[in-house]
Amino acid sequence: MADSGRPRPADPDAAESRTASPLAGKKRAQQSPGLRSKYQSSAPGHCFKKVTLTKPTFCHSCSDFIWGIIGFLCEVCNFMCHEKCLKTLRKVCSSMTPSLVQVPVAHCFGPAGQKKRFCCVCRKQTEGSTALRCEVCELHVHADCAIFTCADCRSCQLDGILEQDTYHHHWREGNLASAARCEVCRRSCGSSDVLAGMRCEWCGITSHAACYLGMPAECTLGRLRCMLLHPACVRLDSRNFSKMHCYRIAESCSHELDNSDDADLSAAAAPASKDGQPAASESGKQFLKVFDGDDAVKRGFFRLVSITKNEEVVEAALRAFYLPDDPQDFELHEIGGPQRLHSDDILNRNGSPDNRNSLKDGGDSWLLRAKPRVTEVIKVYTDWPKSGVAFISVSVSDSSTTSSVLAEVLSKLDRQEEDLSKFSLLEVCMSSKQVQRQTLTPQEKLRDKLREIRKVSLRQMNQTRFYIVENKNRAVRVELLIGGLPPLLTTEKYTQLIEEHLAIKSHLVTISNFYLNQGAVVLQISCFAEAERIYMLAKDTSINNKTLTSLVIPAITQNTLGADVCPLLVFVNPKSGGLKGRELLYGFRKLLNPHQVFDIMNGSPLAGLHTFREVPRFRVLVCGGDGTVGWVLGVLEAVRHKLTCREPPIGIVPLGTGNDLARILRWGPGYSGEDPYHILVSVYEADEILMDRWTILLDAQDVSEDGKENEFLEPPKIVQMNNYFGLGIDAELSLDFHLAREDEPDKFTSRFHNKGVYVKVGLQKISHTRSLHKELQLHVDGQEVPLPNIEGLIFLNIPSWGSGADLWGSEVDSRYEKPSIDDGLLEVVGVTGVVHMGQVQSGFRSGIRIAQGNYIRLTLRKPIPVQVDGEPWIQPPGHIIISAAGPKVRMLRKSKQKQKKSSANMRDGHSDSPSSRDGH
């Protein structure tokens, strides 16, 4: 699990309670998992017992092999270690994880990948389709273990409620690469066999569990800090929105976690045995179905607890629910009856066959309840980081109210002179899916609140905290980007559509930005409830048979960005490259701030560009094919006038089929699983170059044989070209491929298959003939250019065509200039058919050079297939004009030099990749 707070020793309160048992006469073996251990360790929560090893086993503390047949196993979380490691153990048990959280942040669970991982709760390997992972951090869990995690994800933003002034390392245990080395002792700390070692999820440094607390507390954000969006620079009022909404993550797997809450886990959830097999199959044991509260009974969620003569059943039930409490404070109630059972009652019934039958007949369902307490101690945490005190312990009784607790806390903080009405007591439930906050009323009885929480769920009580917060009258500001509106309307019409379909309240909502070309508006909302209502309503609203999109947009405070920081804006097309796009999306979210990584299919590139609109300088990384790159460039051109940085340089991770633009910019022919960290370093070291872009005007008219224009066939339209524009056989093959992909999109998930389909449609056209010179007329720079007998005509802006082929050729010709992507010229080339195209692809021939110029005019006499950067269609007769599209765009070309081992802004002395744990 994660430790996001300042490194600190074990909780003294917990340590004291571990040594003082309510029943001193009881043996140590009858104490709580969190309050005792059969074998002592310096880390709280563990319940170690000596076990005999029957197979090769590794220590979870030092990651070394355990020689011999004796090991020490925690009966709560399955932590295994040497006897010598017990004395230096610093990693707390999974049951104590909520006590380590500094700023509660919920996780964003998604389906796990295919790589070998270990569960951060039970420490066993995750297997099968039920495993989950957080899309933002390195938390991996089984589906039935997810409910035992707490809100210990990375804090990636300021939300105005619970904040921090300095950022400490955010430690996560395990799932390191085997080659990882400890930052303190420089010994190996990674393991592919067990959950071992610690890693900071911001800077990426790794350490042993016994070493990491000795490191400096503050995190410098590591080698990627110059392109990382610092959490202190991002503000988002997100009270009513889940982290899935805030990070724009599709909630494709949220139902899996919900189902795991409700499911009957009798076969998989037997934590007392932890052997991976259904506990009920073990012979000679009896089992109880134990629920931890009324909510668990309602959901049907229980844990199986085995009954043995040498184990206390209440203690076993606490272990099953990862609760670090004293078993003497709890008892079991039979569901449906008043009977209460204590440990001795269970043990006395174990031997009789009749009793075993009664358990099977339905008497094995029990409710774990807390015993009534006269007084108890609660911890009240402070929300001001510079107080120097993490929490204040306060004793509460039946007469204790919120006001009295606040007064006692302020007194212990030496702030008793301050007005009590300026402070509130905040109840925070740190569940793994969502952090829920509730402000308690001044006269509310604290004991009643604690009883209510424990009655609902003991797990919820373990994940609940109380904070003393200062009352602030800070203005609420939530930004929503509403997309999917009809494009190119007037601002008055957009306002009318929003008011009509979303019924906005004018005194709470204003429209701050209009993006006419994109059919989108930005709403500024000053009320959380209204923002949530509009967000959900927009997703269920359609205009002109098109469903609206709604995204929560964070605010970036550009004045807090460092002078040497140039944040990277990342767009990923998860549908490109099979599953590689989704894995890249996951990898970049972990390495960077997830607020700077955008799923391009969820809101278009506009969402990212609007978020970065006030950032003075930034770079863009596009992960997708040539079509995705063209999409981003097109949106950038449309909204450039609203950006502070109007010409951000753009790099590419090629996920498409052809990837011609990526090839000439040295990013390679296709992504093949490179480490995302190394990609980011390459982006940082890349050189900026300029590239021409071209505007194509398509004016469809009925053109007679003598070239005279008659009537319009369809309205004129304008498209942008980055790579090439083709007419004839080249476009016809692209069109056939496009239609085949639309018919069966699930089959087109790899470049190899896509190229195979290209070959197939090419062979079908091998006998096809077309006299293209009879169907169109070409003018270059005002001069008519006669066409040879060709079947395809291609206009090149880059020296790569059809997956890397050099169509223009390398021969020197004094009539033409050497092609370049920034020379302001287009190369006009012809091909004679499919065979000629195949020869060009094989490198045996080049195309037929026809012309070179910067202003092209074509006259089509017949409908003809055309394609722009791989997007094909049938163009009616008429005129086509190609001209330069305004200023050149800035692109990033990968440096030829090897990635430097040291760079002042990128590295802090470490050589291994922080993401190498993923096996990239």
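Placement of Cβ uses the backbone N, Cα and C atoms for every residue, glycine included.
The annotation compositional bias 'Basic and acidic residues' is assigned in TrEMBL to 1-11 (among others).
Taken from TrEMBL, the feature compositional bias 'Polar residues' applies to 30-42.
Residues or ranges marked as compositional bias 'Basic residues' by TrEMBL: 890-901.
Residues or ranges marked as compositional bias 'Basic and acidic residues' in TrEMBL: 907-920 (among others).
Residues or ranges marked as domain 'Phorbol-ester/DAG-type' by TrEMBL: 45-93 (among others).
Summarised by DSSP class, the composition of the domain 'Phorbol-ester/DAG-type' (106-153) is 3 helix, 14 strand, 31 coil. Marked as domain 'Phorbol-ester/DAG-type' by TrEMBL: 106-153 (among others).
What TrEMBL records for 168-219 (among others) is domain 'Phorbol-ester/DAG-type'.
The domain 'Ras-associating' annotation in TrEMBL covers 374-445.
According to TrEMBL, the feature region 'Disordered' maps to 1-42 (among others).
Marked as region 'Disordered' by TrEMBL: 341-363 (among others).
Residues or ranges marked as region 'Disordered' in TrEMBL: 889-920 (among others).
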Tally of helix, strand and coil residues over the domain 'Ras-associating' (374-445) according to DSSP?
17 helix, 29 strand, 26 coil
For the domain 'Phorbol-ester/DAG-type' (168-219), how many residues does DSSP put in helix, in strand and in coil?
3 helix, 12 strand, 37 coil
DSSP says what for the domain 'Phorbol-ester/DAG-type' (45-93): how many helix, strand, coil residues?
4 helix, 14 strand, 31 coil
Average pLDDT across the domain 'Phorbol-ester/DAG-type' (106-153), rounded to a whole number:
87
